[in-house]
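K.L.:
According to Swiss-Prot:
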type	residues	note
BINDING	61, 125	Mg(2+) binding site
């Protein structure tokens, strides 16, 4: 059985070093897709690079935890900025869901304005779209616009409640991260997906060159390790040997 493999690099637009790392992993490695932070400091640079790579699938990386929102969000921001206090608000069930829905629509339009096209798919920074309160908003939005959505099925409370016309990969993995950034780890992810009989799989990654913005991230130098592994010739060969076809979210 032919299986589609989407290797999606998150954080396009975060910094020039991030952008260049993603492009390097696409041109000379196994990355096939990326998602962009429309409020990132280097989003215009990302859009410029993407025009040189029309086959690179570019989706939207919905962000509610970093930087300035596109719209006014007095119920979620502090001093005009987004932050990780969203987790506490989710636990307390005090999320401003109307503001979040409006911000999603605004970020989507911002993506179209910057990139000049619709995004191929939708996911989010720090996976906030998988919060139980936020997921229905994002799932409806993606289904209405006919774009695919990253779904971590281990965290969806009831998969039967998903919109029938919502597209996603059958499998998703965030395991290629942190201490487990090795070719062996990547291949274990593929083998586990194949064992489950999944016809499509998304593997999340964050390849980057380190610059001043990336140095401020808690997840800094591992991004360089990711880039090294993802551009390995042996990894590309091993993926092909397992019968996976590289693709984007337009292929599912």
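Note that the numbers count up from 1, one per residue, in the order the chain is shown.
Every residue gets a Cβ built from N, Cα and C, even glycine.
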K.L.:
Among 61, 125, all listed as binding-site residues, which has the most CB atoms within 10 Å of its CB?
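P.N.:
That would be 61, with the most Cβ atoms nearby.
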K.L.:
Reduce the DSSP letter at residue 61 (Mg(2+) binding site) to three states and note it down.
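P.N.:
DSSP call for residue 61 (Mg(2+) binding site): strand.
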